[in-house]
Each structure stands twice: as structure tokens, then as C-alpha cells.
Amino acid sequence: MTSKTSEPSSSDGEVYAVGDELPPSTGEVLGSIEPHVFSNPRRASHWQQIYENAAYEGRHRFDASLTWSADEEKRLRKRLDWRIMAWVWVMFSSLDLVRRNINRAVSDNMLDDLGASTNDYNTGNTIYLVTFLAAELPGGLISKKVGPFRYTPTIIITWGVLSALQVLMNSRASFWAFRALLGLVQGGFIPEMVLYLSYFYKNNELPFKLSIFYTVIPVTQIHGALLAAGFLEMRGVLGWAGWQWLFLIEGLICVVIGLVSFFVMPPSVTEPARAFRRPDGTNKWWTEREEKILVNRTLRDDPTKGDMNNRTAVTFKGLWGALTNYDLWPIFIVGIFAWIPFQPTANYLSLILREMGYSVFESNMLTIPSYVIFAINVVGLGWLSERFNERSIIGSLSNVWMLPFFIALVSIPDTSSPWVRYVLITGINSIPYAHSILIGSIIAANIYRDEDRPHYYTANRALIGLCVANILLFIGMKFYYIWRNRVLARRYAEASEAEKQTAIDMRFAH
């Protein structure tokens with residue numbers, strides 16, 4: 001859930017909505033248009049001064065009079081996709097590969113080797129999620145200060161090394177320790193990458209780009225399952241278990257990705273990556289005009305993207321302002337609860353399949369169909385959101401999708417065919433996914449309990465109720481933002497003409 005444009009202050013600090021100079025939104029607009037947010041010279045001068053004061057890295061490319069064609073912008077956006085989006089996708093895949101390979105390792109009797117139980121496995125997942133959550137804010141603050149182009153490669157290499165060192169695990173205590181360390185290192189990555197993408201893309205482009213970003217989850221699980229099917233068969237080689245080979249090799253893959261990232265991640269549009277910097281410091285990727293187009297198209301979409309340098313630390317005042325902004329609370333509430341129902345079956349899929357009588361190899365192969373459908377659904381959800389400019393109702397489709405599968409799971413008898421149960425679980429894991437807040441993941445990690453095995457009827461009944469509640473939460477959130485937009489529109493109408501000169505169009509997307 002994002003606003004179509006952000007919410008900057010006017011000259012006296014008040015925030016208004018629905019600027020009088022901006023044309024109504026009619027979907028995607030490419031190329032420079034008139035009038036635009038900087039068509040008013042006073043407003044352009046006002047924001048240029050903000051960019052200078054903030055030492056915004058693209059301020060030397062700001063040009064309120066610049067024009068460009070739709071074809072130029074399309075070409076540049078395609079190049080952004082290959083040069084920025086593609087490598088962000090690869091880096092995210094390195095995270096997802098090693099944070100979820102634990103789900104495949106348990107199919108190779110890892111818990112038995114460590115003397116651990118299912119509840120110990122839950123505890124390990126909870127420890128990981130708590131430390132991941134605890135690291136998100138400090139990790140994001142460090143990244144904002146030193147720059148993602150430095151911080152991101154460093155943490156990728158670190159979690160690759162930690163993943164490889166998991167071959168040393170020999171008890172549940174060591175399992176918990178490595179879960180904690182991995183969570184601490186990986187915590188800041190996802191919000192940091194979402195912010196990084198916003199440096200290059202317009203707000204109306206981000207929903208679909210983020211849906212592509214989240215295809216990492218199913219695609220990585222597909223090739224992760226294929227890798228695991230091979231690596232886990234290495235049990236006995238050099239006296240190691242298959243899960244030890246899995247952790248070692250996939251950890252080394254991450255180290256390589258981290259090393260390459262040091263050379264291919266640009267700090268911003270106007271600052272080239274190490275591998276694409278000419279001896280005189282200029283950018284091999286973009287001409288001066290292309291840099292101007294890329295900078296001005298994002299600023300005209302959201303002027304506040306230039307009110308802070310990309311290596312300026314976030315202040316406590318700014319952080320507190322975000323936490324106390326009650327307009328964001330509906331998003332937080334929905335984010336906590338909305339995707340809890342999906343995660344228990346996802347975390348336990350390999351283990352459930354083993355308990356249903358499938359071999360290690362079969363258990364990993366049988367996870368693939370759900371991830372293929374998941375990938376299709378997550379892209380489809382992003383496309384629908386962008387196509388219809390709809391967030392709340394589209395977001396609720398995940399819970400609408402899962403509800404009938406959960407009802408069927410608690411309705412079928414214990415004697416049902418394993419294939420029937422497999423199809424239903426595959427349906428749940430194939431949801432059209434939109435990213436949740438991590439607190440919900442912590443809750444989800446403790447829903448399936450040892451005493452509820454093997455079919456988890458009690459837990460699944462609770463998840464049915466949660467699905468229904470989540471659908472109602474999405475509807476309530478939509479009505480809240482409809483009401484808030486009316487309030488903001490009325491506030492703007494009551495503003496003075498002087499205030500309107502520096503106010504920016506703003507609407508909550510819902």
C-alpha cells in the first residue's frame with residue numbers, strides 16, 4: 001500500500017492534498033507532460049533549494065524545463081530493468097536460498113541428527129524471525145548512512161559464510177545459535193532493497209516491480225528444491241550428512257554473489273557502479289541526457305525523493321514521525337496478520353510430505369508445483385494491482401484463495417489419500433502473495449505444534465478464522481483510506497493561495 005505521491009510539507013509545514021496544477025491520473029503516463037509538478041516556477045525554485053540543502057546526489061541533473069518522449073522513457077526503463085532490477089533479484093535470491101534451505105534440510109533427518117524435535121524446529125524459526133526483525137531497523141539505518149552499494153554486498157558475503165559454517169551444527173543449541181546469527185545479518189536486506197528500487201522507479205511502477213522482486217520466493221524454492229534433491233543425496237560423502245553439503249555449497253554460492261555485487265551495484269542514477277565507471281569518473285551506463293531524464297521523471301512523480309541524500313542518516317525525529325503516523329497503522333495491522341495462514345504449511349511442507357510417506361527426493365520434488373503456481377500468481381497479483389490501481393481488494397485475494405483449501409483440509413478424514421492432502425496443501429502454498437510484516441511470521445512459526453501432528457487439524461481451524469478476519473481487515477482498511485482522502489482534499493480546499501503554491505498532490509492508494 002503506497003500513496004501515488006508522497007506527502008511533503010508546504011512552506012509552513014502543513015501537508016495538503018490534490019494540487020491544483022496537476023493533471024488527473026489516467027493510468028501510466030510516459031514522456032514529459034505539461035503541466036507537471038514543477039511547471040510553476042515558484043514551486044520549482046522551492047524544491048530546487050530543498051535539493052541543494054539536502055545535497056541530493058542528482059541535484060545537478062534537476063531541470064524543470066526538460067522534455068523527453070515516451071519512447072525515450074520506455075527504452076530507459078527497459079535498461080533499468082536489466083541493469084538494476086535484474087541484479088536486485090539475484091541478490092534477493094541469495095537471501096531466500098539460505099534462509100529457506102532449512103525447510104529442505106529437515107527432509108534429510110536433520111532434526112534427528114541434532115537431537116531436536118518439531119517444537120525445537122519451531123523455536124529455531126522463531127529465533128531467526130525475532131533476530132531478523134530486530135536487525136531490520138538498525139540494518140536499514142546503517143545502509144542509509146553508508147549506502148546500499150557498500151552494505152548489501154557485505155551482508156551477502158557474511159550470510160554466505162554463516163550458511164556454510166552450519167556444517168558444524170551438532171546440537172539443537174548450535175542450530176538455534178546459527179538461526180540467530182543468520183537473522184541478525186539478513187534482517188535489513190528487504191526494506192533496504194525496496195528503498196533502493198525507489199531511487200530508480202516511479203511510484204506507479206513499483207507495485208509491478210515489487211511483484212517481480214517477490215517472484216524470487218517461488219523461483220528460488222524451485223531451483224532450491226532441485227539443488228537439494230541432488231545435494232541431500234550426498235549423505236555419506238566424506239562422512240557428512242546431505243544437509244551439511246546443502247548448507248556448505250549454497251553458502252558458497254552466496255559468497256560469490258556478494259563479491260560480484262561490490263562491482264555492479266550503482267549508488268544512484270548519477271553515480272556509476274565500480275565496474276561501469278570510466279577513468280574520469282563518468283558513467284558508462286548513461287549519457288548526461290539519459291541521467292537527466294531518469295532523475296527528473298522520478299522527481300516529477302514524487303518531489304520528496306530528492307529531499308535527502310542517499311547516504312544521509314535517518315534522524316530520530318524522522319523515525320519517530322514514521323512510527324507515530326497513524327495513517328500507516330492500518331497497513332501495519334494488515335501486514336502483521338494477513339499472510340500468517342500461508343506460512344505454517346510453507347515452513348512444514350517438506351516435513352509434512354516426509355510424514356506422508358514420501359522419500360527425501362520425492363519430498364523436495366513435490367514442493368515444486370506449488371512454487372510454479374505461486375510465481376504465476378504473484379506476478380498476476382502485481383499486474384492486477386497496477387492495471388486497476390487497486391490495493392486493498394487485490395491484497396485480500398490471498399486469503400480468499402486460501403480459505404476453501406483450509407476448509408477442505410479440516411473436513412477430510414484421516415484415512416484420505418495422501419495425494420488429496422498434497423493437492424490441498426499445494427493449493428495453500430500457491431497463493432497470490434503480497435509481502436507481510438515480519439511480526440506475523442513470528443506468530444506463524446509457532447502455529448503448527450508437535451501435539452497437533454500429523455494433520456494439524458486444530459491449527460488449520462484457527463487459520464480458517466484468521467483468513468475470514470483478514471478479508472474483513474482489508475475491506476476496513478480500504479474504507480479508512482477513502483475517508484482520509486476526503487479529509488485531505490477538504491484541508492487543501494481550505495488552504496491559502498500562498499500555501500497552495502508549494503503544496504504537492506497527494507492521495508492514499510487503496
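Heads up, the Cβ atoms here are built off N, Cα and C, so glycines get one too.
Going by TrEMBL, these are the annotated features:
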- 1-21: region 'Disordered' (REGION)
- 1-12: compositional bias 'Polar residues' (COMPBIAS)
- 82-510: domain 'Major facilitator superfamily (MFS) profile' (DOMAIN)
- 181-200: transmembrane segment (TRANSMEM)
- 212-233: transmembrane segment (TRANSMEM)
- 245-265: transmembrane segment (TRANSMEM)
- 328-353: transmembrane segment (TRANSMEM)
- 365-385: transmembrane segment (TRANSMEM)
- 391-410: transmembrane segment (TRANSMEM)
- 422-443: transmembrane segment (TRANSMEM)
- 463-483: transmembrane segment (TRANSMEM)
* To do: Determine which residues of the chain contact the transmembrane segment (365-385) at the Cβ level, with the cut-off under 8 Å and only residues 6 or more beyond its ends counted.
  => 104, 207-208, 210-212, 214-215, 217-219, 221-222, 225-226, 229, 349-350, 353, 358, 391, 394-395, 397-398, 401, 422, 425-427, 429-434
* Asked: Counting Cβ pairs under 8 Å to the transmembrane segment (212-233), which of 181-200, 245-265, 328-353, 391-410, 463-483 comes out on top?
  -> 245-265
* Asked: So what pLDDT does the domain 'Major facilitator superfamily (MFS) profile' (82-510) average out to?
  -> 85
* **Ranked first among 181-200, 245-265, 328-353, 391-410 for CB pairs under 8 angstroms with the transmembrane segment (463-483)** => 391-410
